[in-house]
Amino acid sequence: MISCRKYPSPLPTVANLAALLVVSPVPHSFIRPGRDSARLSSLPISVSSFLSGSLGRKLREGRVVGVPAMAAAAILPELATQVFIPVAAAVGIAFAVLQWVLVSKVRLSPERRADGGAAKSGPSDYLIEEEEGLNDHNVVVKCAEIQSAISEGATSFLFTEYKYVGLFMGIFAILIFLFLGSVEGFSTKSQPCHYSKGKTCKPALANAIFSTVAFVLGAVTSLVSGFLGMKIATYANARTTLEARKGVGKAFIIAFRSGAVMGFLLAASGLLVLYIAINLFGIYYGDDWEGLFEAITGYGLGGSSMALFGRVGGGIYTKAADVGADLVGKVERNIPEDDPRNPAVIADNVGDNVGDIAGMGSDLFGSYAESSCAALVVASISSFGINQEFTPMMYPLLVSSVGIIGCLITTLFATDFFEIKTVNEIEPALKKQLIISTAVMTVGIALVSWLGLPYTFTIFNFGVQKSVQSWQLFLCVAVGLWAGLIIGFVTEYYTSNAYSPVQDVADSCRTGAATNVIFGLALGYKSVIIPIFAIAFSIFLSFSLAAMYGVAVAALGMLSTIATGLAIDAYGPISDNAGGIAEMAGMSHRIRERTDALDAAGNTTAAIGKGFAIGSAALVSLALFGAFVSRAAISTVDVLTPKVFIGLIVGAMLPYWFSAMTMKSVGSAALKMVEEVRRQFNTIPGLMEGTTKPDYATCVKISTDASIKEMIPPGALVMLTPLIVGILFGVETLSGVLAGALVSGVQIAISASNTGGAWDNAKKYIEAGASEHARTLGPKGSDCHKAAVIGDTIGDPLKDTSGPSLNILIKLMAVESLVFAPFFATHGGILFKWF
């Protein structure tokens, strides 16, 4: 690097300076903003004139051969960046706490008036139960009891799961340390930098230690995120039920506020922990940003590895209970969903929290952590890292910080600015959240790109530095943001019963379950088309503008509204639980209609959330893949090379293998559940008559034991594949495996999620009977409805176990390969070395 400080006094002549600048192979911008500007201003006027003249303009614009563009300083100073990121995270946490306080105002104990009657919230707030002459005190007590049972079941399962996951975390942390430490024989001596030739970086042993610490930090944060999400959901479900007595709008606000608690808590805590880790690691690494951010990738690995077990284990739990409850209860015994006579009903409601809430929270946290780490790794070897420019380096975290503020503003539109008055307004209100958050974030990203980036800079692009301008990086983030919205709305079109695709699936039930399955599968395959085009366009544009860094920030753009996305996602299971509690507490059918309307909207928005997660996973995986290829020193990934091609075809097979394992796991667990539910119906006297309580605990235990046992093989497949391939076959074959798994996994994940979502809403379309067409297919218990229930049952493991878990597979394999890349590059490919 050339800096004015390198020249002794007197300063060189203009001619010498110009000649030196033109012939020197400068790897990045030759003036460091904020460091050399003061020295530059002290140059003789002739030098300043030179820099503002024709050649100077060419230098600034990067049009002199061998010399990249001169960077102007970012407007936002370093101190402001250091303050803004943690303050934004603190604001997000404070907002989450505020929402929790507002939710907690709904009490789970009956309040009595002085005259002995139940208290009312206001003169016009009469409760439906009181109008119908029901005992309000008993209803509240029942809701509290059911909520307590669900919360205890979910907590018990997560603690059991975390024991096994904690053991895995300890073993894998040791592997990370041993593998990375052995790269240089556990030497404590400084080593030559991998990217910055001629410089020395911290020893490999330090990278092993800090990568291990980052892994544990990411894993613990992921587990805590999932656990807190579950506790919030179980805290809010009965409160949503009780608020439904006052109107659908009141219930909507409680469910959405509760989802917002989880969304903002997860987004803010993930950002804050990552920022603190960067600063603490920086105390040791100092100017070695290359080593610092390589070690930080362990944070993403920890987050996603825990998310895998959370998604798979929680998905097996919830779907085993759901399938058992539906097949015996609805199809065989013809009793309503969530009927308290069904032995699997508590396990079913517990499953909504451990799978759809805890698993989903860990999943999206992992996506956020990995996209941030991928962007930071590439930035550290670009001009941001080489020039030690803190504010541009923190650009991914600035985007996330602005995202928290933007989502906060968006949330107020749903909870404070507008009121839901009718059932038909629920789904549009949730869709408006997506649109408003995307529009607000577009403005926020523009501001961050203007204030936080120099006008011109360079980005590492497979061994060379690519000149990029700030507006191009804004476009990369924006295209990811809007592609996410497009994927969300396409997902909604194919999974909402307000549109023709799901209505066609419902109509196919006239001729039985077989045609229902055929139509549902066709819908899932067709729903892949537009999202893949959107992802492909995002990749092409972002890579063309800013190489792999552009792809990484495009993924971050898609996840920048994670707080709103999580709020909408969590809203669905909370509403589903609320409906189950209303049914089990014996509340009126009018209450159940309101909670069903909330749940139906939640099913669609949950499918939209899965679309976001899958789309972002594709971009994150590609960015991590690019970082891995660079770190492993692979010049090109040539599919015509046998080493690469065998990896490609095996990688494309892995999502099928993984899906087969998870589907069979759900089937095996569901088989045990069906047998137990049948046994109880056949052997417990008075169960169908409602005079005897079923044995809920046995069904909860079946789901817990099955999920813990069955989550290990799929998890082992994903975690061990990169290690085995990298060690035995080398980095080239591993690059093929990652590419194949990415291309194949995204397609299957979208198809599986949308197929299951469509079958679920086709069933609900028939049950609701809201249109003339729907009434011709119903009512509940008809042959059409039974066929729809069978389709829904088949789709359950697709949309809630296999589909969502696949996006973790493609991300996790990529980030694991990146973390272990130094070891694979040094010691990998054992088998090919023998030939």
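Backbone N, Cα and C define each Cβ position, glycine as well.
Values in this document were obtained by computation on a predicted structure and should not be read as measured data.
The annotation transmembrane segment is assigned in TrEMBL to 83-103, 164-183, 203-230, 251-278, 434-451, 471-495, 516-540, 546-568, 612-634, 640-658, 717-750, 808-832 (among others).
The recorded stretches the transmembrane segment (164-183) and the transmembrane segment (83-103) do not share 3+ CB pairs below 8 A when only pairs 6 or more apart in sequence are counted, and are therefore not in contact. Contact count against the transmembrane segment (251-278) (Cβ pairs under 8 Å) is highest for 546-568, out of 471-495, 546-568, 640-658, 717-750.
Between the transmembrane segment (546-568) and the listed ranges 83-103, 203-230, 471-495, 612-634, 640-658, the one holding the most Cβ pairs under 8 Å is 471-495. With a cut-off of 8 Å on Cβ pairs spaced 6 or more residues apart, the transmembrane segment (516-540) and the transmembrane segment (717-750) reach 3 or more such pairs and are scored as touching.
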